[in-house]
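Scroll down for the structure; my scribbles are underneath it.
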Amino acid sequence: MTLLEQRYRNVLKLLPASYRAEREEEMVAAFLEAYDAPDETGPRPPWGEIFSVAALAVRVRLSWRPRGAAWGETVRLTALFGIGLQAVLSSATLMSALADPLSDRLYEAANLGLAICWLLAFATLARGAVRPARSLALAGLAFTVFQQVAITLAFGDIAFESWLGTTSMAVVAALALLLGHHGGSTTPVLPWLVIVPAMAVGLVYYVSASVLTSGPAPGLDESWMWIWPWASGEGVAALLLTVGSVSALTRRPVHAPAALALGVLGLPLLASRLPLLLDHQFSQAIVISGAAQLALLGVLVPALWVRGLRAMPSSGREDPRAVL
Amino acid sequence: MFLTLTALVGEPRHGYGIVQEVERLSGGRTQLKIGTLYGVLDRLATEGLVVLDREEAENGRLRRYYRLTDDGAAALEQEAARLAENVRTATARLRARTVTS
């Protein structure tokens, strides 16, 4: 390697590594065709060439913005979808708390607290009021964790399903809400016509679950076993994620941030369904139905990641070799 | 960009080949720097106006040849027509000025 080549390669280090991996050899070849000189003369790249590389480095780095913006939107949608899910579950919790109050007042208060906080967090976030949404989501998360700890202590058994599922999803959603919104980000505002029905899904869930569990019909127990993996909080989350995933994956073109946000939330949900298969205390019907749900999520979640990542906007600079 | 697209009319060229052709087309007034050239090529490729034609090794060095696409030819034609219109306008005004003075 000549001295001039070595010095020009040093200049090229101004460019991002990924750009150099693609272009460095080609640029060095073009440069040396124009300027090659023996080492004895102590050649250096002309200032004009150095400035042109510096300008290219700035342009390439700035052109990464579209991808950065898409990732930002992914984080914000993760917060919106995750908190929306908590709101759906909270509608059912609220109905249950009002219809059938528990004897443990502290637990009951936590139940009411988390339901109200998550519902209000979703409503404020969906209306674009990020700051109150953050406080409410953090309060909702605190109530959720308290409730989980209380259940774990009361039953002396760690409820892996809930910890891995809805609780982890609540943590992910709250973190996304803290990280995804900043001064320069745009906050979409949803109409009440979308917000209210979204929250009302929880009421449908509550009524359906009540009907299923209260009927005296013979053989109900066996039917309930088949439905059970879809009727818990994680089951409803799996059902909603399935609907959302099918909608996201069939949309043309795929909206990358929406697909990835669902993919992010799908990971803890997927993990939460594993205990259904590993715990031998469950009946065969629950295990089979749970396995089917796990298989469904096992297909949808990776598909969301793959399609989402493929649909992410490029860095603003297409690789010309791609069209060869 | 206009000169770079013009340099690719007729035959694919590699990086330094484009630099030389642009200098020739401009009568020596435009000397593309390598960093500038690749910035322009990135933009043209993103807009689908040029594509990679082939890769060759010359004295152990990588040469990538770029060629004009149909869209690139259409864009160049449009730009040439716009510049020609500008030239016609300027020429007409200069003639009118000569007549009135």
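Keep in mind that glycine also has a Cβ here, set from the backbone N, Cα and C atoms.
In TrEMBL, annotation is done automatically, which means it is predicted and not curated.
According to TrEMBL, the features are:
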{"type": "TRANSMEM", "residues": "A:77-98", "note": "transmembrane segment"}
{"type": "TRANSMEM", "residues": "A:110-129", "note": "transmembrane segment"}
{"type": "TRANSMEM", "residues": "A:136-156", "note": "transmembrane segment"}
{"type": "TRANSMEM", "residues": "A:162-180", "note": "transmembrane segment"}
{"type": "TRANSMEM", "residues": "A:189-207", "note": "transmembrane segment"}
{"type": "TRANSMEM", "residues": "A:227-249", "note": "transmembrane segment"}
{"type": "TRANSMEM", "residues": "A:256-276", "note": "transmembrane segment"}
{"type": "TRANSMEM", "residues": "A:282-306", "note": "transmembrane segment"}
Top Cβ-contact partner of the transmembrane segment (A:110-129) among A:77-98, A:189-207, A:227-249, A:282-306 (pairs under 8 Å): A:77-98
Result, the transmembrane segment (A:77-98) in contact with the transmembrane segment (A:162-180) (3+ CB pairs under 8 Å): yes
Tertiary contacts of the transmembrane segment (A:136-156), as residues 6+ beyond its ends and Cβ separation under 8 Å: 79, 83, 86, 90, 106-107, 110-111, 113-114, 117-118, 120-121, 124-125, 162-163, 166-167, 170-171, 173-174, 177
In contact by Cβ distance (the transmembrane segment (A:256-276), the transmembrane segment (A:189-207); 3 or more pairs under 8 Å): no
